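Q: Here you go, one structure.
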């Protein structure tokens, strides 16, 4: 339950680590918490968090791969950050899609010793697809590279890769360092200094996002659990608008729309009177049983959004090189459509005269979902098949 009240004093930014497995994302996250606990000790958000704590997803233990998305908080002198440590392994790209969707900016971690790897590319592509607007690069493990020219080469490769996916590769800040050195207490240029440089880059390069505070309230449900004697809690990130205690909301999508009243709001285990766009919160819902709400639904201001099953979309189909399909697909192809926090099966109808769609194509299509999803025009989605992303799209027109 809540421990104290969440105070909003600094602008709030959502960031996260992305990059290839074992390039040091979780080590970097731990190093940031350590360095800030030392340098900005007066901010209650700053607590040193151990690597093991960040890496504590249950499946984790056997495989040494971060699976669940772990949320940390920390603050610089100017800002409060909520940080997600995104899973690095291809098997868990699905989790990354939900994690990366929460970012105002991402920290791309690349091992200077290895350079960009397949998942580096995949995560940059995903960041582009799910609309991560800014990327800052941390070239990690620089202590393992003796040749400064090699470092420059890796930096160039990363910049080119970013440009390839329409990020401004020439302008992106690149910080060189060693997260492990920083975590071990090294105060030198590659250690603590590199973490401080990275934080400065986050503060300066990632603009304070224009929050959609004035739009109607919307939260995509990520998880649901019940609290003995209090009721059902839905967690997720407020996409837009504000939510006040005791306000009425609708549960939209998958099942018939229902109304309920919000009887509690929490963020980082602290109770709040009001949540706003960008906050990751838990919401206590009156009269809703644990099995009456599920991941993939949304909580929304009454009447503000409706569920739909048929829509038109503009879609980019990943090429084989990007990890997409190797073969074309035709009308009546039935992949999964990943909206916000869940997969829904849908059938594709290509336009008149379009016989098939090749990997690497852009195309317009109509989609019929098997269950309704809360949507508006402009909503992004991923197309997935057998656990991997094969396309990305945006809803251009709602049909029914």
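Numbering starts at 1 and runs along the chain as it is shown here.
Here the Cβ of each residue, glycine as well, is placed from N, Cα and C on the backbone.
This is the feature table in Swiss-Prot:
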type	residues	note
BINDING	19-26, 85-89, 140-143	GTP binding site
BINDING	26	Mg(2+) binding site
DOMAIN	10-210	domain 'tr-type G'
REGION	19-26	region 'G1'
REGION	64-68	region 'G2'
REGION	85-88	region 'G3'
REGION	140-143	region 'G4'
Q: Once the chains shown are all counted, how many other Cβ atoms turn up within 10 Å of the Cβ of residue 22 (GTP binding site)?
A: 18
Q: Could you break down the residues of the region 'G4' (140-143) into DSSP helix, strand and coil, giving a count for each?
A: 2 helix, 1 strand, 1 coil
Q: What is the three-state DSSP composition of the region 'G1' (19-26), stated as helix, strand and coil residue counts?
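A: Per DSSP, the residues of the region 'G1' (19-26) fall into 2 helix, 0 strand, 6 coil.
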Q: Other than its own, how many Cβ atoms are within 10 Å of the Cβ belonging to residue 142 (GTP binding site)?
A: 23
Q: Relative to the Cβ position of residue 25 (GTP binding site), how many further Cβ atoms are located within 10 Å?
A: 28
Q: Between residue 142 (GTP binding site) and the residue listed as 'Mg(2+) binding site', find the distance joining the two CA atoms and give it rounded to the nearest Å.
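A: A Cα-Cα distance of 16 Å.
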Q: For the residue listed as 'Mg(2+) binding site', just count the other CB atoms lying within 10 A of its CB, please.
A: 23
Q: Given residue 19 (GTP binding site) and residue 26 (Mg(2+) binding site), what distance in Å do their CA atoms have, once rounded to a whole number?
A: 10
